[in-house]
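Here's the structure, in structure tokens; my notes come after.
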Protein chains: 2
Amino acid sequence: MSKVLVTGHKSPDTDSVSSAIVYAYLKNKQGFDAYPVRLGEVNKETAYALDYFNVEAPALADDEAKQDVEEVILVDHNERQQSIDDIENFKIIEVIDHHRIANFETRDPLYYRAEPVGCTATILLKLFRESHIDIPKDLAGLMLSAILSDSLLFKSPTCTDEDIKSALELANIAGVDTEAYGMEMLKAGADTSGKTIDELLTMDAKIFEVGNDQLEIAQVNTVDVADVLEKKQAITERMDEIIQEKQLSFFLLVITDILNNDSTIIAGGNENEKVERAFNVKLDDDTAVLKDVVSRKKQIAPVLVKEFS
Amino acid sequence: MSKVLVTGHKSPDTDSVSSAIVYAYLKNKQGFDAYPVRLGEVNKETAYALDYFNVEAPALADDEAKQDVEEVILVDHNERQQSIDDIENFKIIEVIDHHRIANFETRDPLYYRAEPVGCTATILLKLFRESHIDIPKDLAGLMLSAILSDSLLFKSPTCTDEDIKSALELANIAGVDTEAYGMEMLKAGADTSGKTIDELLTMDAKIFEVGNDQLEIAQVNTVDVADVLEKKQAITERMDEIIQEKQLSFFLLVITDILNNDSTIIAGGNENEKVERAFNVKLDDDTAVLKDVVSRKKQIAPVLVKEFS
């Protein structure tokens, strides 16, 4: 049987890494020869979760990992620019995702399971139930971590009742206290003090295509927004360079305060008018605070995509 | 609550019409205000099934049906050019399908359920089971009809074990003999004797986009291939006109003999070289017989799409 790679998106977050590991496990139980991979460095939050539940990080999707591979399964994403660079060399046999569908095309029918829930792991829990396969304790811990990460401890508007119910069920299997574990994990990922400008801008960045425009939206969680804003001058300069290098139409950095659930945005490039219209705010020196905004998927990307359409 | 339309594809076949009716029923049971619609005339095969199980045809998706509608659910298709003409005016909240994904994009997350099985109705049967909702006898009959239609009585290579298992389960609920009912239904749709040229070319036609090329592939089932081929001169002339009118790159008519499961193709336009390469045949006066080829989705569209890529 040929190897199948299971991969999340570039700039992997806890859901992308965990879901790759967990779904590869499920596919192996179903008779596939599946291997989880990742498309970038493991971030500190994910490292905390992997360490806590004593699970190894997936291998990087390099040439060695891709050797003799013809088929891939995408988790937690579908858009081509967020996926493996040479995705056109592989047959995508499955997608498990909770995002909008865009810039995605196949030549053949496939299994595609998307649900408008807050986290891929919530869908994976259903797939385990439908397959009547038990979830090992450590993997339940990773799935719980993914839900807590994507939902910012159930505070994000993307979080559904099903995500909460799934998280509590998984916490039970994993044997951890949801609130206490969740806050420690988020804090591990939200320590921005030692981060370089490039790390801040690439840790969790996604590109969205709108017609011929490419919009990049990076997001960092922090417990100290002021600490990040101190580097604003250097951040905007680097954003403008990246816009040039990648030929982007626009770059937005979203700094999310995980303690009060507001976000501060820094707008790169020359699209401040569109940003002000999209969020109904006034930018002050390229910056504004968005009250109660924490979700790129639900509160940021859609309004920007609409503004650039 | 706002109205939700459930629609299959243009040139609707038995799966598109049945799945719209059946899924609207399921969504209503789940608390939605859902209405099935169709994007074209009901063909003779589908009319036979509706009449047999005494179910009304869905309304045409005209301005009246679309009044006050903001949300739609697509069944049995996803590609924009196969859907409602003004699909961009609606929010697509769900897709239930068994085709490749292409030319499809949403701004928001949605429920998307595609599986590589032979028929949408096979997926719907799962959704009924997952929701613990019983299937009424008449709707089970329509779902069975859809599977028998899409699978040409289980003879198509698109037909999976799951389709057969589902059909037998549905036949049991509907209380019909699968083989006897199936052959009568297929024959009702395969009577090409009274068909005009335009009917033959539009009854079951789909457009596939490949880069900037639009390929149209029409398919007719028949018990008398010779009867259709007698009109070949007029057919190719009309195909060339349609190519001009719609600015297509190519038009193929597939005449499928439901008794021996071979197909005869007639190639419109000037792409005979590509057709010969795609199917590894020699065209004789724009025509060739493809042995054991019955499936546009699995045996015809993919090789043509590849040839035009």
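Using the three backbone atoms N, Cα and C, a Cβ is placed for every residue, glycine included.
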Candidate from B:D134, B:D138, B:D150 that TrEMBL assigns to the same Mn(2+) 2 site as B:D15, B:D76, B:H98: B:D150
Conformational class of B:D76 (Mn(2+) 1 binding site) under the three-state DSSP mapping: coil
Lowest local Cβ density among B:D15, B:D76, B:D150, which the record lists as binding-site residues, within 10 Å: B:D150
Candidates B:H9, B:D13, B:D76 (binding-site residues) with Cα within 10 Å of B:D150 (Mn(2+) 2 binding site): B:D13
Composition by DSSP (helix, strand, coil) of residues within the domain 'DHHA2' (B:182-308): 55 helix, 35 strand, 37 coil
For the Mn(2+) 1 site built from B:H9, B:D13, B:D76, further residues of that chain with CB within 8 A of the site's CB center: B:G8, B:S11, B:P12, B:D15, B:S16, B:V17, B:S19, B:V75, B:H77, B:Q82, B:T120
Binding-site residues, contacting chain A; criterion Cβ under 8 Å; candidates B:H9, B:D13, B:D15, B:D76, B:H98, B:D150: B:H98
Other C-beta atoms that fall within 10 angstroms of the C-beta of B:H98 (Mn(2+) 2 binding site): 28
